[in-house]
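Inspection log for the structure reproduced underneath, given as structure tokens.
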Amino acid sequence: MPPRAPRPAGAVSPPFPPLAGPPLKARAPRARDSPLTSPCRAHAAMASVVAPAASSSAAAPGADAFLDAACPEDVARALAAELEALRALGHDVGAPAPGASRREAALFITRAVDGLKAFSRVDERVYVACGKLVHLRVRSREADLDAWLASPELALIPAVAAAVRRHRARVEAALRWFWREAYPALYARGLQSALKYEEMYLARLEHGRCEAMDQFFVRLAAAAATATRRPMALVLCGSDAWPEVFDAYFRALATQAIVPATPLMLFAGRARGSLASCYLLNPLPRTTEEAVRAITDEVAPILLRRGGVGLSLQSFNRTPSGDCTRGIMAVLKALDSMTAAINSDSERPTGVCVYVEPWHADVRAVLNMRGMLAADESLRCDNIFSCLWTPDLFFQRYQRHLDGERAVKWTLFDDRASHLASLHGPDFAREYERLERLGLGVESLPIQDMAFLIVRSAVMTGSPFLMMKDACNRHFHTDTRGAALATSNLCTEIVQRATPGENGVCNLASVNLPACLAGGAFDFAALRRAARVAAVFVNAMMRIGNYPTGASVEGVRRSRSLGIGLQGLHTTVLALDMDMADPAARRLNAAIAEELLYGVMDASVELCERGLRPFDGFEHSRYARGVMPFDAYERVSLREPMRWDALRVRIAEHGVYNAQFVALMPTVSSSQVTESSEGFSPTFTNMFSKVTISGELLRPNLPLMETLRRLFPRECARRDAVARLERAQWSVAAAFGELPAGHPLAKFKTAFEYDQELLIDMCADRAPFVDHSQSMSLFLTEPADGKLHASRVMGLLMRAYNLGLKTGMYYCKIRKATNNGVFTGGDLVCTSCHL
């Protein structure tokens, strides 16, 4: 692809040669967000393009002048080339009129994509072509560099804009590299990737303009470079010169080697928004007044900045009485209503997960607060989630039940036993049983009944999540005896201390594993480099984060917690021609986790070697004693033990800059821009469908579709194979029967088709190298009779417990027996942790 020159000052559009060659990536014209985000940004953006008369009278003249100008010649030529390529595929969608305006070209692309996208079901080339068209629509409306720098709507931080202007020649050189080297791959990703960029991440500017793809990456890289201290710069690239630092960030971001969290992509470099993703709160309220004050003073400011919240309310544990007639549920209803109100006008909804322990007096009410389980509207809380912070004792008693012991009980306590929340392990078990003997419990029920209530709620409502209290405390980097950790975050992958004066705060980014493939093999050196860049990038952004509360500022100051994750594990395994169940894939899975941890820790140690101070409390941490996260696990096999030994010595001598390093989050949003599989999970389906106000958006499994094209070179045979998959609910096994080992199609299983015990075991393989946790969901298919037994889910939770995992269950996703095999979107999810 010929290079594209950056736009000169004042130019209407940059010179951009006709786009030819392999299909590139694109963005769709209309809203593709979930109903929760309606009206979404893309819909609003297109409304301003197609019907500017609806805009304010002040803005309309400028918008009219820009949008009614002729579509740039380079975009028109590229559009003509793409339409010709579509005609070669048998799809003639016409063409815009000669000399069409920007508005007319955008409207034409909108209609073309809406008419073509349904063909993605049978032809992956159309899916990619639609993406290319959307990219062209973005280019038809993008601002020039000067307009972008000066945009009041974008509101660049003055220091960031000044740095770009000061080093403009170097920035423009980076842009030439981008259009020549990085953009062709982005352009070829697919429709969903392009849609996600246009709808969510590219800023909308004045007069119908939008942020360009290259400007988006400039904004992120320039913000990070401006915030990077000299020691960070030396760790990153060996130079503290701003242009060198900018280049290092820009190339890693533009090639999608690293993908920042959604708050960073939205707000980095801008004088608005907060950059942190995850907030953990434990305000310790004991009364209704204290609980309401915590919600309004601590939770609301975070939600208004679009952060996701994990909130411990274990301390609010009063049985109904004269001055507290509804226990915790009145407070949860207030929290639910506030969350709904804040999300009602948000382009990016977020959420709250409330943490309680399973001995909380109101735990059954919490389990019944969502969906059909809510007894009446006054108790319904569909806008928040719950998670059980579950001690080992619960699983030990359930195991006794499984072993045949009769009348195994589980006891609920009120605030007379509030000190149990600060205990874990044997200390908790001894005190819990002492309180039982004293008769202080408010109620006892059979352990199997309690287990059933948990599973029923998870299966029917998507909540509660379940985390292992003792595992989280056992593996924490400081001693938590007598001051147990009480909460995780919204998506169950962050493990931090939270107190009334100090929130846990974590800043996130992920490494895109498919970007680490080279020559048909996995490049561990590339992974290590990406992990180091991600660590320095997030540390730099942490310095300029606009945190919503004083307790959040204190949490960042003390721990500097990183959450570097991964995405595209299943995509990578497929690209290496492996099945997730292959022993080689199991080994690769663990090796990737080890290399990720090493890369992040190595960078963090080097920051201290170059003069930065270790995190507050390092001297009391396990790191100071030479203990690594994996040392508490049995039978851990290291790829290169000697380098870990050397790292221990370096830590003992210099310290480590960050208190925490690796968190494996879901990456729902960011894996859409890379078209990679989410996080560490297998893909949910071979044909994803999302229904929005403008129709159905399909996302085929591109590697599967490309494999079918190779296996069935005759078009009629390929179409027949696709039809078989369609009839078989997009299950390869159901469509083609039992395939021999090594068959090119045999590896295309979905998360619902894999043995869930295998997926849990793979989490356990990674666990020694994940000092936070992993957002592990369960993917279960309902039996033909429609009855999913609670014992099946509990069996999986017991396996997670016995393997020492910290997260036992994030979502419990159920595929109905009558499902058509096309996994539908629209679930209530948080884009802060999902990246």
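Cβ coordinates are placed from backbone N, Cα and C, and glycine is handled just like the others.
Swiss-Prot lists Asn489 (among others) with the feature active site, proton acceptor, giving sequence analysis as the kind of evidence.
Per Swiss-Prot, the feature active site, cysteine radical intermediate maps to Cys491; the stated evidence is sequence analysis. A simple way to gauge crowding: the CB of Cys491 (active site, cysteine radical intermediate) has 31 other CB atoms within 10 angstroms, across all the protein chains here.
Secondary structure at Glu493 (active site, proton acceptor), as computed by DSSP, is coil. Here the Cβ of Glu493 (active site, proton acceptor) has 29 other Cβ atoms within 10 Å, regardless of which shown protein chain they belong to. As annotated by Swiss-Prot, active site, proton acceptor applies to Glu493 (among others).
A simple way to gauge crowding: the CB of Thr667 (substrate binding site) has 29 other CB atoms within 10 angstroms, across all the protein chains here. Residues annotated as substrate binding site in Swiss-Prot, with sequence analysis given as evidence: Thr262, Ser277, Cys278, Gly308, Asn489, Leu490, Cys491, Thr492, Glu493, Pro666, Thr667, Val668, Ser669, Ser670.
For Cys278-Cys506, the entry in Swiss-Prot reads disulfide bond. In the three-state DSSP classification, Cys506 (disulfide bond) falls within a strand. Around Cys506 (disulfide bond), a 10 Å sphere centred on its CB holds 30 further CB atoms from the protein chains shown.
What Swiss-Prot lists as region 'Disordered' is 1-39.
Mapped onto three states, the DSSP output places Cys278 (substrate binding site) in strand. Summarising the annotation, Swiss-Prot assigns site 'Important for hydrogen atom transfer' to Cys278 (among others).
According to Swiss-Prot, the feature site 'Important for hydrogen atom transfer' maps to Cys506 (among others).
According to its DSSP assignment, Tyr810 (site 'Important for electron transfer') is coil. The Cβ of Tyr810 (site 'Important for electron transfer') lies under 8 Å from the Cβ of Phe465, Cys491, Thr492, Glu493, Pro666, Ser775, Met776, Ser777, each on the same chain and at least six residues away in sequence. Among the features that Swiss-Prot reports, site 'Important for electron transfer' is placed at Tyr810 (among others).
Among the features that Swiss-Prot reports, site 'Important for electron transfer' is placed at Tyr811 (among others), with the record citing sequence analysis. Counting Cβ atoms from all protein chains shown, Tyr811 (site 'Important for electron transfer') has 20 others lying within 10 Å of its own Cβ.
According to Swiss-Prot, the feature site 'Interacts with thioredoxin/glutaredoxin' maps to Cys830 (among others), an assignment based on sequence analysis.
Sequence annotations record features per position, and here Swiss-Prot assigns site 'Interacts with thioredoxin/glutaredoxin' to Cys833 (among others) based on sequence analysis.
Distance noted between the C-alpha atoms of Cys506 (disulfide bond) and Thr667 (substrate binding site) is 15 Å. When each of the recorded positions Thr262, Asn489, Ser669 is scored by how many other Cβ atoms sit within 10 Å of its Cβ, Ser669 comes out lowest.
Of all the Cβ atoms in the protein chains shown, 32 others lie within 10 Å of the Cβ of Cys278 (substrate binding site).
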